[in-house]
Amino acid sequence: FGLSLPAVAVLLVALLCLDPHGRVGSAPICAHGPSGCHIPSLADLFDRVIQHSARMHSLSNDLHSEFEQYFLPSKNHIGKIYRKCHTSNILTPNGKDNAQKLAREELTEVILKLLMAWRDPLFQLHQSMAHQQDFNSFSSNKALEMGDMAHELRKGVEKVAEKMRVLGMLGNSVTGLSAAEAMLPLSDSGEAMSDYELLYCFRRDSNKVQNYLKILKCRIVPEHDC
Amino acid sequence: MMLNSIMYSKWAQYMFIGVSAPGKPKLTSCRSPEKETFTCWWEPGEDGGLPTTYALYYHLENSETVYECPDYKTAGNNSCFFNKNDTSLWVNYNITVVATNALGKNISEPVEVDVAYIVQPNTPENVTAVVVDEDQGPFVRVSWEKPRTADTRSGWITLLYQLRVKQQKDKEWEEYNAGMQKYYNVFSLHPDTEFMVQVRCKPDHGFWSEWTQTTYIKMPDYIPRQRSLWIIITIFSVFIVLILTWTLNVKRNSVKLCLLPPVPGPKIKGFDKQLLKSGKTEEVFNSLVIQGFPPTIDYDDLLVEYLEVYDNEEQELVLDGKDLSEDCIKSKSPSDCDSGRGSCDSRTLLLEKCMVGRKGSGSDQHQYSQHGETSWASTESSECQGLEPGSPESSDGRVKTWPVVFSSPQPHHHYQAETVKPVYHSVPEILNHSSPHIMPTNYHHLHHQDIPQQEGRHGKPACRHSQSYNHFNLDGLNTPAPGVSPSRSLEYVEVQRVNPENMLLLRPLSDPNREPEGSDYAGEDYSKVKEVTSNNILLLRRDTSHHCVDDYSQASQCTTQQPPHPCKPVIYQSNSGMPQEGMRVMGNGYVDSTVLMPSY
């Protein structure tokens with residue numbers, strides 16, 4: 001019998017300590033306050049969110065490059081007629097000065113609006129890529145992951161906003177949060193956008209998000225990275 | 001009309017000169033160093049020989065408003081600089097360049113530009129490299145600053161840095177990624193060499209900047225002082241040495257055994273070292289002596305056993321004891337055949353027989369060992385020659401010594417002077433039985449008869465002497481077998497006596513009429529030799545059937561021949577059909593068995 005004496009003793013103790021009437025339940029990890037576990041700071045939250053957005057943007061960049069390489073040989077973008085991105089309605093700062101002029105609440109709101117606006121179109125994009133034979137499974141998986149990331153990022157930014165609000169950094173004028181609504185990726189003409197157009201638009205928007213988050217972070221928690 | 005002609009003339013004028021409208025310009029690149037402004041450069045086409053002007057026009061996406069480049073100067077020739085106010089991110093710019101000269105214009109291909117993706121920062125600044133000395137050894141710490149224009153502080157732009165190092169002589173650079181930090185420690189550089197360092201940067205999405213100017217740094221000449229390692233090695237080796245010493249000390253006996261193996265001592269059986277040490281060498285070596293080695297043979301004993309048988313054809317007297325096979329019939333000197341002396345002399349018997357009858361084979365006589373020669377004496381009728389007159393018996397002219405059949409290795413003695421007993425070793429065995437008595441008369445008789453008849457026979461008569469030996473028990477002490485059939489059995493004889501003339505008188509052991517008699521009647525006392533077996537045993541036959549034994553038989557090869565003729569005990573008719581080697585058969589068929597003695 002291979003068990004040694006200490007192992008047997010441990011087993012006995014464990015058996016004795018088992019509460020036959022105990023219920024198994026779940027408890028929040030940090031239920032007992034800061035002493036219980038480590039609560040991430042705002043800086044940590046921002047770092048996580050920024051990393052997330054960077055990852056998302058790289059995915060969109062890859063997908064767009066693949067699309068452009070295999071399906072659109074023209075590299076000079078001649079003949080490309082871009083319809084407006086469905087998110088062009090959202091006013092976004094197009095320069096550093098403009099971005100810095102925005103209040104942090106507005107900036108946060110813009111981020112959230114953007115992310116929210118892309119929730120459904122990304123899902124559609126994945127759907128259409130998966131169904132088409134042209135795309136390999138790897139690209140459709142990327143699209144799927146990208147959609148999930150956008151979702152996660154939105155959640156994260158919401159948490160950051162929540163945190164900031166808690167910390168008193170954000171004012172009450174966060175109307176953007178409630179007003180964020182899903183938008184249908186419809187162009188002006190009402191036609192659905194093609195996959196390429198979606199990818200093109202999303203690449204841009206993810207870059208915006210990343211940039212805005214960085215500005216926000218360096219404005220709120222200026223640390224070594226800024 | 002006039003205008004047309006002017007225009008035509010102008011055109012013609014240009015035609016002659018070779019000018020044309022400008023070529024198509026081409027936008028080469030647009031770059032933004034800090035994501036706030038950007039610049040576009042174009043490449044002019046052929047100017048067509050005329051001064052050409054270039055203009056850059058752009059419009060934003062989803063807008064038809066065309067704007068012209070606000071600044072052609074800041075960025076140099078054939079460039080257009082867009083300042084902050086004119087730069088919008090995440091918006092596509094559709095830019096074209098138009099070349100215009102007197103003859104026409106040309107429009108470049110449009111280029112779509114999104115400023116956010118054409119960021120190429122300036123090179124990092126203030127690259128410094130410092131040698132830092134530490135315990136592990138010196139290393140180089142390279143530090144730099146961000147390009148001035150890049151605003152990383154607000155987070156607007158994020159730069160990643162990269163540096164590269166090489167020696168002057170190296171071909172390849174060694175690159176290191178420094179991430180977002182503005183310093184880097186370079187280790188493992190060769191001492192006493194100069195290194196070149198360069199740095200560049202890149203935004204998270206954009207292009208790499210140019211490399212900075214080379215910064216030179218010289219590594220000092222140092223010896224890697226890995227002190228701690230040496231200390232550990234020293235302690236470890238000392239420890240090992242101590243352990244080895246202690247082990248050797250413990251096992252010193254085995255080590256000594258291994259290094260200095262013991263010298264093996266003498267291993268001689270019976271050798272006593274203690275005796276040797278005590279100095280009594282005699283005793284030491286005596287113990288080594290094996291008794292009875294080498295085996296000493298009393299050669300005198302062997303002498304008697306030698307037989308020499310003459311071959312009547314051959315005249316050689318083989319005195320060698322080994323040559324039993326040789327035919328040698330020793331004949332006795334005929335001179336004394338009558339006297340009965342000497343012929344049966346044990347000493348002279350064989351020798352006489354051997355020597356007599358030899359035709360001039362005196363040269364062979366020396367084959368006899370000393371003994372034989374001395375004992376031969378030449379007689380007028382005897383063919384035995386060369387007997388030494390010095391022998392007492394030879395004074396008669398007779399050979400009295402045995403032929404040196406007994407050519408034993410030992411020098412032959414003069415048997416003359418000796419009694420039979422000591423001379424012939426084998427004889428004593430026979431003599432033990434009884435006193436020998438030899439009837440010499442037969443010899444004489446035989447001898448005489450032999451000689452004239454056998455001129456050609458040399459030494460054959462000697463074989464006759466063998467009749468005095470009925471049987472030589474050459475092996476020694478064979479017990480006689482009484483009642484042996486005369487034809488094939490062994491018959492043992494015994495020597496009755498030895499007469500003063502050293503003649504053996506034999507008689508068969510089975511002979512009931514055992515009495516010493518000097519009668520020369522050989523009928524009862526003598527037996528015929530039937531044959532000589534291979535082991536040198538004379539097979540004697542009783543003289544009952546009056547069958548003669550074979551005439552001649554050699555000592556060892558005496559062939560048995562039928563006795564064809566009835567033998568009279570006295571007269572040997574000889575020749576009647578027995579001309580062969582081997583034993584000389586006496587007249588009555590008796591064989592001088594003396595020659596049948598084997599020789600050693």
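Cβ coordinates come from backbone N, Cα and C, glycine included.
Since we're looking at a predicted model, the values are computed, not measured.
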Exercise. For the record in TrEMBL, which of the ranges B:453-481, B:511-539 is the region 'Disordered' one?
Worked result: B:453-481
For this session: May I ask for the residues of the chain that lie six or more residues beyond the transmembrane segment (B:228-248) and have a Cβ under 8 Å from a Cβ within it?
Result: 255
Exercise. What is the three-state DSSP composition of the domain 'Fibronectin type-III' (B:123-222), stated as helix, strand and coil residue counts?
Worked result: 0 helix, 48 strand, 52 coil
For this session: Could you tell me the mean pLDDT over the domain 'Fibronectin type-III' (B:21-122), as a whole number?
Result: 90
